[in-house]
Amino acid sequence: AESWDNVGLLVEPSPPHTVNTLFLTNDLTEEVMEEVLQKKADLILSYHPPIFRPMKRITWNTWKERLVIRALENRVGIYSPHTAYDAAPQGVNNWLAKGLGACTSRPIHPSKAPNYPTEGNHRVEFNVNYTQDLDKVMSAVKGIDGVSVTSFSARTGNEEQTRINLNCTQKALMQVVDFLSRNKQLYQKTEILSLEKPLLLHTGMGRLCTLDESVSLATMIDRIKRHLKLSHIRLALGVGRTLESQVKVVALCAGSGSSVLQGVEADLYLTGEMSHHDTLDAASQGINVILCEHSNTERGFLSDLRDMLDSHLENKINIILSETDRDPLQVV
């Protein structure tokens, strides 16, 4: 999930709490909560987090506070995955890409693993010439918390040396540098590297999709409408483009896509909503923009999710899709 997001278990009834019925919704509104209680669900999976900003009080005054009160009074948990499901390899954005036709896709902004591959986020490498120096160096660095040490033989010209690798936390790095600066005669050929967290395969924000075969923009519009079960979408034609212009590369982002799609080279941007000025910028570059309203680009994923959860949970619990959840905006 993105660092700014509020995901995970948001409301937890007092334990023990057994889940027999799981309720899936894109948005948890008061109307949807009525449906939850009628169907006697034990846990709500709400794609969007109903609690996002910190609450200073839980009263009957606002609709989000009332959701929390009703959930606790009726012993219903609330869980939200939000951008974790956007980034996941079989998540919301991959589901949205299914409507485009046969294509290959990759994340626009790949996700990084939560942890570094080693103990620390820095590596210090240097050579030591002599056994007595090696003993002194190894004794010193092994006494520093947050350092892991590896060594191997190295040869410089005709001289046998030992190459030392130290993986260090930020705090340990300062102590290692302090030791080295006071014992410059013991080592040579020093490098200090800043380590990156590894990328997660097929995981990240947005998708850049390359179609196996180009299609006209008109054909792509029909495919998107059919996939999202919409009778209307909003279209901004790129400068110089028509409905017959060919589409080969589509950049997409479920929900609100301005920040994810900005600057990406594509024939078409597909998202739920985008600011007026970002739409103008894209169109000025000849990029077509299709907007479908925010949650219309997300909600259909819940059907796929239900099937995945049924399989994962071996059909041991009842999983219900909301019938009242819908995008708040309608064409009239």
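Placement of Cβ uses the backbone N, Cα and C atoms for every residue, glycine included.
According to TrEMBL, the divalent metal cation binding site annotation covers H48, D86, H294, E298.
Taking the centre of the Cβ atoms of H48, D86, H294, E298 as the divalent metal cation site, the nearby residues of that chain (Cβ within 8 Å, site residues left out) are N26, Y47, H82, V92, A254, G255, S256, G272, S295, T297. For the binding-site residues D86, E298, the greatest number of Cβ atoms within 10 Å around a candidate Cβ is found at D86. Neighbour density at the Cβ, taken as the number of other Cβ atoms within 10 Å, is lowest among the binding-site residues H48, H294 for H48.
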